[in-house]
Amino acid sequence: MSEVITKSNTAPKVGFVSLGCAKALTDSELILTQLSAEGYQTSKTFQGADLVIVNTCGFIDDAVKESLDTIGEALAENGKVIVTGCLGAKTAEGGGNLVRQMHPSVLAVTGPQATQEVMDAVHANLPKPHDPFIDLVPNAFGVAGIKLTPRHYAYIKISEGCNHRCTFCIIPSMRGDLVSRPIGDVLKEARALFEGGVKELLVISQDTSAYGVDVKYRTGFWDGKPTKTRLLELAAALGDMAEPYGAWVRLHYVYPYPSVDDLLPLMAAGKVLPYLDVPLQHSHPEVLKRMKRPASGEKNLERIQRWREVCPDIVVRSTFIAGFPGETEEEFSHLLDFMREAQIDRAGCFAYSPVQGAVANDIGGMLPIELREERRARFMAVAEAVSSAKLQQRIGATMQVLVDSAPGLGKKGGLGRSYADAPEIDGVVKLLPPEKISKTLRVGEFTKARIVGAQGHDLVAQPF
């Protein structure tokens, strides 16, 4: 993030660091929008800042360490630090706030989705400018506000929190139970994003499939029309809205409830991308029971096969955990067999990490870290073989590619993504120089490209 908005040379400056997942990123965007609306300058560096805000992650141990280290660096370089995010809600082993215990000199600590609390702390330590010409309300920037992503794609969070209590996860203790955003608010933000040039909208939450469950799918309103607060209606409305802009809508964190089947016709019709990010975590029924996964009784293999019958182009992405407490070699082999048979297009895998506060730590049967890592490596070898074979099948096909990078207007090629590739987590399409000398590639625009090769998780394509 470069300096976001400069109000004046004398406006107080806030350094800002955003760590963690896409959900945390949207929290950062809300805070940055409010800061800018009130006349503060913002910067991604500590130098020259009057204070620093660190939005933290507290899910796994590596993320906790990164967050604590970043807070320490900010204190050392600047001295005035406000901490927000998931780590801010975490309790230390002996009780008390973990951040306060490790860094007692921070100015304030809040949990996630706490824009007002963060702003209160900023006001207490760095009074806002009182200039009527720059002291704006957030809507002056458009409802979409400031975004930390490139201009051509954006995340939109449709709910906060989660009603599930998976034994490996501590997110509900930090972000609370499911709270769905009013459907009218979501669609208003989406329209502002499309109007602002966004070509790919990535729908995120902790549990996208559960959107509206907490409000019993009550009817909201959009453009004066009644619209049910439910994922199917939201996806359909987003697809209709995106169409005039030629934009993509991509769904993430979609739990495999039966209701997900209703989305497939929208994908087959091209309303939303035929791409499902489904966090399955494992395949063996006993492991899923120990994980207390929602929809653990679903026959996921049959579900995926049925999805492909309805929408042959669908790409299924998922994440898995290897070495969960008590996992036997038979249970792990079941997972490998599932990967081969389900042919998951894009897969990630984590070796189980005993996150502080997770119920799974007390299940018993903790596996040695060496075995957990060995199983993760074995899983990824299978996943990469599946992915490579599926990418080879695309050679010779023509695909629409969203250009992410194109130095010199693409005269020497560039990088982009197809519908099968979400930013940051999937592969890319390596673009060769266009066939025609007159053709240019521009970031944020689509190009047709012929797939000519595959390299690892990536495709190689010739724009035309």
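Indices start at 1 and increase along the chain as displayed.
Glycine is treated like the rest: Cβ placed from N, Cα and C.
Taken from Swiss-Prot, the feature domain 'MTTase N-terminal' covers 12-127, and the record attributes it to sequence analysis. Per Swiss-Prot, the feature [4Fe-4S] cluster 1 binding site maps to Cys21, Cys57, Cys86. As annotated by Swiss-Prot, domain 'Radical SAM core' applies to 148-390, with the evidence given as sequence analysis. Residues annotated as [4Fe-4S] cluster 2 binding site in Swiss-Prot: Cys162, Cys166, Cys169. The domain 'TRAM' annotation in Swiss-Prot covers 392-464.
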Other CB atoms within 10 A, centred on Cys21 ([4Fe-4S] cluster 1 binding site): 17
Near Cys169 ([4Fe-4S] cluster 2 binding site), how many other Cβ atoms are within 10 Å of its Cβ? 22
Near the [4Fe-4S] cluster 2 site, what residues other than Cys162, Cys166, Cys169 in the same chain have a C-beta no further than 8 Å from the centroid of the listed C-beta atoms? His164, Arg165, Phe168, Ile170, Ile171, Pro172, Gln206
Among Cys57, Cys86, all listed as binding-site residues, which has the most CB atoms within 10 Å of its CB? Cys86
Rounded Cα separation (Å) that holds between Cys162 ([4Fe-4S] cluster 2 binding site) and Cys21 ([4Fe-4S] cluster 1 binding site): 15
Whole-number Å only: compute the distance from the Cα of Cys169 ([4Fe-4S] cluster 2 binding site) to the Cα of Cys86 ([4Fe-4S] cluster 1 binding site). 12
If you measure between the CA atoms of Cys166 ([4Fe-4S] cluster 2 binding site) and Cys86 ([4Fe-4S] cluster 1 binding site) and round to the nearest Å, you get 17
Starting from the Cβ centroid of Cys21, Cys57, Cys86, which together make up the recorded [4Fe-4S] cluster 1 site, report each further residue of the same chain whose Cβ lies within 8 Å of that point, ordered by sequence. Leu19, Gly20, Lys23, Ala24, Thr56, Gly58, Phe59, Ala63, Gly85, Leu87, Pro112
